[in-house]
Amino acid sequence: MVDFSLSDTERDIRDWVRNFVQRELVPLEPEVLRRERAGERGLTKQEQQDLQDKAKQAGFWGVQTPEEYGGMDLSAVMTALIEIELGRTFVPFRFGGSADNILFHANEEQKQRYLLPTIEGTRKSCFAITEPGAGSDAKNIRATAHRDGDEWVINGEKTFITGGIDADFTMVFAVTDKAKGADGGVTCFLADRDMGWTSEPIEIMGEWDRQPASMVFDNVRVPHENVLGEVGGGFKLAMQWIGRGRYMLPARALGGCERLVEMGMDYARNRETFGAPIADRQAIQWMIADSAVEIEALRWLVLQAAWQIDNGMDSRHAQSIAKLYGGTRANEIVDRVMQMHGGMGYTRELPVERWYRDMRLLRIFEGTDEIQRRTVARNLLKGHASVSGVLG
Ligand SMILES: Cc1cc2nc3c(=O)[nH]c(=O)nc-3n(C[C@H](O)[C@H](O)[C@H](O)COP(=O)(O)OP(=O)(O)OC[C@H]3O[C@@H](n4cnc5c(N)ncnc54)[C@H](O)[C@@H]3O)c2cc1C
């Protein structure tokens, strides 16, 4: 049976987030814009914390964190629905109580020092695999770690590391066995900032409350007990982190597209040219219609990918399709909405140009469009997936 409806619980949770966004976040938009224009953070750390506390009081904390850690342990479908709602505003809010999926591989002692404080929000992590010479081709990383007694000595450079300026510690990936390379020769280390790595901010096109950084490891000594998982098991962990939820990125973009098209329609109803609202013009109506069709298609791609995860299926193919379609369509839609606004769309008075800059990233990080296409084509050509989709 194919059933596209939401359960009562799913609807309740979705509506709660929708109200939260409407009540707590949307009113902050003018101030967030103003601050960002002035080169400041959209939300201060305290404001982010206060909003998270408010949500927590209503029981909303740790969306995907297992219940044993106090989280809600919600399904992938529910998480996608939440991301769509959060995407409807550009206020850079995140619910508290979550930690990187691979930190759950920590041993008991590491859990106390890294996982639990991250969930509590008292320590901040970052994920560092990309290097100046290795992005899409992550297997080509050059940072090394060699063992010296009870310690590992890490050398190398990382780049574009989200949150690398604020992070207290990083999950850094380094080659520990050059002959094996990504196939058993890469290890993940939990490296505290005070172990000696340094970071420099990277200025980027979009607004980004977790500014990316370049990081330098110059003979950074990390105790052996800080190996996350197994020595040589790092590349698998890295792929697990990246694959944790490709559906979440297009889900958030989808929420933004919904809001943008609503803004575009409002504008089109009110803006008159040549004696009639532009909404009466077929050129504008087609922009609205094409955007609505793409939004609807994206919704089901995202939810279907999430549904596959909830049903224990290998969802990587579906997630790549959702990420690729979401990235390209979101960019097309924001471009149309800017066009509908004419000159106003290009100004900094409205948030359209902000969304325009933000959406561009979706086609680049966590697997570029080209890499998603490569994955999709490879899966099909090797027979790992079928053009008939999950229905076979
Ligand atoms: C804002 C931001 C935040 C990021 N956050 C993180 C983070 O937290 N941690 C982290 O480790 N990394 C992070 N990244 C890095 C990001 O994942 C990489 O930038 C991305 O994977 C692309 O790698 P690259 O920049 O080296 O581009 P390249 O791999 O050099 O690619 C350049 C171009 O060539 C294309 N290309 C590459 N290989 C192929 C191929 N085989 N076939 C066809 N085309 C190809 C690409 O699609 C792209 O168009 C972030 C990046 C940005 C911009």
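Cβ coordinates come from backbone N, Cα and C, glycine included.
Summarising the annotation, TrEMBL assigns domain 'Acyl-CoA dehydrogenase/oxidase N-terminal' to 7-121. According to TrEMBL, the domain 'Acyl-CoA oxidase/dehydrogenase middle' annotation covers 126-220. Look at TrEMBL and you will find 232-381 tagged as domain 'Acyl-CoA dehydrogenase/oxidase C-terminal'.
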By DSSP, how many residues in the domain 'Acyl-CoA oxidase/dehydrogenase middle' (126-220) are helix, how many strand, and how many coil? 6 helix, 46 strand, 43 coil
DSSP on the domain 'Acyl-CoA dehydrogenase/oxidase N-terminal' (7-121): how many residues come out helix, how many strand, how many coil? 75 helix, 0 strand, 40 coil
Mean of pLDDT values spanning the domain 'Acyl-CoA dehydrogenase/oxidase C-terminal' (232-381): 96
